[in-house]
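**Q** The following block contains the structure, expressed as structure tokens.
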């Protein structure tokens with residue numbers, strides 16, 4: 001869930017997003033330590049009166065500042081590569097949904113069903129009900145079962161778009177003529193909001209995404225009512 005004036009990530013709702021949060025904390029700690037060391041050295045250089053005008057080289061120091069950054073980069077790269085491979089894995093998805101980007105709305109098709117598709121437009125501010133979020137509500141939500149692996153196929157009918165839901169750790173480019181895929185799995189029920197994350201024209205800011213994650217039995221009732 002997002003909060004006003006929030007500086008950090010939204011609460012993780014998927015295993016991938018939880019991994020991304022851990023990686024963010026891990027990397028941020030390394031950056032903080034490096035920044036503290038650099039600021040400390042700069043402050044020493046600005047305040048000390050001692051100089052080493054006769055020092056021409058220092059093999060030990062050069063060896064240390066070559067090996068140490070390499071080790072730090074490895075410590076950052078390994079968990080990053082692990083998460084990248086996890087995001088690409090698609091193991092026996094229970095459901096496949098194809099989403100197409102348009103100027104400026106999304107269309108969805110549940111490919112496992114014979115005729116289950118719809119367009120999803122932003123609800124204008126003048127038509128919002130009490131409690132609904134401005135610029136984030138849609139007329140047709142994407143209803144999906146929770147705790148199940150879902151494959152999303154993402155493409156575009158016109159220009160570049162990007163289908164992104166931050167709390168699920170999702171961001172997939174929608175490219176005309178190309179079909180990208182990603183997986184999602186929500187560990188909790190609820191409404192999860194996203195937006196087009198690639199500038200696609202004058203109404204780019206008005207392409208919200210709303211996922212409604214529900215238990216399987218409620219999803220089955222919804223899908224039956226839509227057919």
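A Cβ is built for glycine as well, from the same backbone N, Cα and C atoms used for every other residue.
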**Q** With the ranges 15-45, 108-138 to choose from, which does Swiss-Prot describe as transmembrane segment?
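**A** Per Swiss-Prot, the stretch marked transmembrane segment is 15-45.
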**Q** Where residue 161 (Cu cation A1 binding site) and residue 198 (Cu cation A2 binding site) are concerned, what is their Cα separation in Å, rounded?
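**A** Here the two Cα atoms lie 5 Å apart.
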**Q** Quick one: of 200, 207, which of the binding-site residues has the smallest count of other CB atoms within 10 A?
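**A** Relative to the other binding-site residues in 200, 207, 200 has the fewest Cβ atoms within 10 Å.
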**Q** Under a three-state reduction of DSSP output, how is residue 218 (phosphotyrosine) classified: helix, strand, or coil?
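**A** In the DSSP reduction, residue 218 (phosphotyrosine) maps to helix.
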**Q** What mean pLDDT score does the topological domain 'Mitochondrial matrix' (46-59) have in the model?
**A** 72
**Q** Does residue 218 (phosphotyrosine) have same-chain partners at least 6 apart in sequence with Cβ under 8 Å from its own Cβ, and which are they?
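**A** None - residue 218 (phosphotyrosine) has no non-local Cβ neighbours under 8 Å at 6 or more residues apart.
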**Q** Across all the protein chains here, work out how many other Cβ atoms are within 10 Å of the Cβ of residue 204 (Cu cation A2 binding site).
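**A** Result for residue 204 (Cu cation A2 binding site): 17 neighbouring Cβ atoms inside 10 Å.
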